[in-house]
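Residues annotated as S-adenosyl-L-methionine binding site in TrEMBL: THR137, ASP163, ASN193, ALA194. The feature compositional bias 'Low complexity' is assigned by TrEMBL to 110-123. The region 'Disordered' annotation in TrEMBL covers 32-53, 105-127.
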Amino acid sequence: MQASRSLLSRQLLREVRQGVAREPYRCFSCTVRHAQQQPPPPKSPQDAPGTTHFGFETVAEAIKEQKVRGVFSSVASSYDTMNDLMSLGIHRLWKDHFVRNLNPGRNPLASTSTPTSTPGSASEPQGWNILDIAGGTGDIAFRMLDHASTINNDAHTRVTVADINPDMLTEGRKRALSTPYARSPRLKFIEANAETLDMIPSSSIDLYTVAFGIRNFTHKDTALREAFRVLKPGGVFACLEFSKLQNPVLDAVYKRWSFGAIPLIGQVVAGDRDSYQYLVESIERFPSQTEFRDMIKEAGFLVPGQGWEDLTGGIAAIHKGVKPIS
């Protein structure tokens, strides 16, 4: 594997060793009072055998996938607007930071030695093999390829965008037409469930990314184990997701915005209050930084440092894990 990925893996490993039921429609003010007065719902991913959560609603596991598919089919064409509302407009900065921090691509001027291959070997693959899960619109994939090409002068790194929702993939393919990668072998879109990636060989991926998607998975632990399976030894799991604000005052303000304003704006802007209501509820149900860090460890990953980086006080967080080399 290329030097830059090897450097990223070694840096993360070094840090490891050093650190070794849905609510009915409510008016704006009623929604705010409800969010402020009610205790958070249980954090367990399953409320009872055979059931799971869909926002604050308890549903059968068998139908959650269908309901999530419906939400993202509804918001596919207004995905950027949705993220602007959910993040107060700064999700673009978070994504840029996420990609810069991972530094995808192999710099051809650097050494080609890796922990798992012979330096300079003719059989050594060029570039990184990146899997971007729940990345249907291509937001992260385009950034990864741009960074590899312009920063690391790497014309070989490739990204497979996997998403369970065909409408999101359609939107991604449409957006790809305005990039240099639309008809390039460096970019591929596939419809796939993150919990069952049978089409991806074991130990074949250098970098697995998921941005603002994992909170919608029915079985997050299963998806994490599947990420572990497809990554090469030394490969990196990286997740960007909405998280928990650490400042109680800012948390109260953000919840007031989330539960009071976002569904209302969703109704006005997109004509779809229910989808936006689910999205803010899904953030509230997502595990805390510590809980999710522990889930990553339980899947077999080594976790660098404390395991996450808070963004904007914890509105979002970046989590990483490294698949052990041996």
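Glycine residues also receive a Cβ, built from the backbone N, Cα and C atoms like all the rest.
Quick caveat, the model's predicted, so the values are computed rather than measured.
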Protein Cβ atoms within 10 Å of THR137 (S-adenosyl-L-methionine binding site), excluding its own: 27
Annotated S-adenosyl-L-methionine contacts THR137, ASP163, ASN193, ALA194, maximal Cα-Cα distance (Å, integer): 16
